[in-house]
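Undergrad: Grabbed the feature section from TrEMBL, which reads as follows:
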REGION    130-155  region 'Disordered'
COMPBIAS  130-154  compositional bias 'Low complexity'
REGION    286-347  region 'Disordered'
COMPBIAS  305-314  compositional bias 'Basic and acidic residues'
COMPBIAS  322-337  compositional bias 'Basic and acidic residues'
Amino acid sequence: SMAEGAGGGPRLAELLAEGRRLWEEVETGTEPSSGAPAVQDKVRQGLDALQQAAAMVAQLDLFSENEELEEIASADLKYLLLPALLGALTLKQVDLSRRLEHLESARAHFWRFLKLCRSYRLGSFHLPPAAASPPAEEDAGSPSPGGPAAAQPSLVAMASSRQAKIERYKQKKELDNRLASVRTFVESGQADEDQIREFYILQIQKWINTSLEEIESIDQEMVILRSRGTAKQPSAPPHGTSRQVRAPLKPFILTRDAAQAKVFGAGYPGLPTMTVDDWYEQRRRQGVVSGQSVPQRTPGITDEELQKQQQEKKEEEDDEEALQKARNWDDWKDTHPRGYGNRQNVG
């Protein structure tokens with residue numbers, strides 16, 4: 001093979017194997033916490049081995065953007081996986097103060113891997129953007145950063161991404177099955193050149209799926225971390241445990257219905273009053289009540305604007321109610337003569 005013929009020798013193969021073994025031990029590890037020193041030692045050693053291997057691959061110029069897959073020796077195919085493994089191990093680091101840096105670095109590794117796979121036409125997929133798009137900077141003048149379109153993915157896009165996820169899941173199952181059957185051949189030493197080649201290509205395709213998924217979740221986590229950064233919150237959850245940030249509750253008086261709200265409102269002008277329904281509605285909007293995890297609100301609307309809208313809506317409803325009462329009273333007067341029901345001063 002080129003790699004072994006070009007002076008990389010068994011050393012390169014050993015570095016890849018060691019990095020890969022350490023990644024697998026961390027991934028399938030029995031340690032209760034990924035932050036355990038023993039686990040983090042493996043992460044560091046694995047990254048070290050894979051980085052050395054990657055430097056050698058770059059030096060040997062093993063892969064180039066403009067050659068065909070057929071031109072790569074079967075034994076060299078496995079080195080295509082280096083950036084993907086580097087990305088996966090980079091994510092296993094637990095230093096929270098450097099989380100954003102680790103996410104950016106892992107994303108760059110996964111992206112390089114995908115770009116290489118694209119140039120060799122391994123798998124058909126959309127290459128994600130090279131870098132996670134930073135959140136739109138808020139101009140002092142613009143009320144809605146990023147515009148409504150940015151904040152609200154279209155239903156069509158959501159449906160098609162769901163469809164894509166289902167497709168990806170099916171392909172993944174199929175890939176795993178094929179991989180398992182070829183692996184037994186390769187590991188028993190009975191595989192011919194074609195089977196060995198297929199084995200590596202299947203592994204690469206499996207990592208394409210993983211890389212696409214990881215980039216998606218990295219981008220989501222980065223949005224959360226960056227928004228926390230602007231809120232000056234130092235601590236961040238480890239990969240995959242992002243908790244939703246909730247708006248703190250303002251003090252208010254909880255009343256049973258609108259009529260009671262009117263009464264209390266007069267007595268306590270300082271505190272806004274709210275009926276139970278209003279309160280549920282507000283908490284639902286904030287994504288707290290009824291298992292709804294995403295705050296439902298028009299993008300770019302501030303709390304003040306939201307309260308104003310609620311107030312207008314309430315006034316409309318109150319007007320409606322007052323009008324209805326007046327109408328009922330008119331109807332009642334039409335059908336009941338004046339003094340009806342007054343039995344006190346008969347005569």
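Glycine residues also receive a Cβ, built from the backbone N, Cα and C atoms like all the rest.
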Undergrad: Based on DSSP, tally up the residues of the compositional bias 'Basic and acidic residues' (322-337) by helix, strand and coil.
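TA: Computed counts for the compositional bias 'Basic and acidic residues' (322-337) are 14 helix, 0 strand, 2 coil.
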Undergrad: DSSP helix, strand and coil counts for the compositional bias 'Basic and acidic residues' (305-314)?
TA: 10 helix, 0 strand, 0 coil
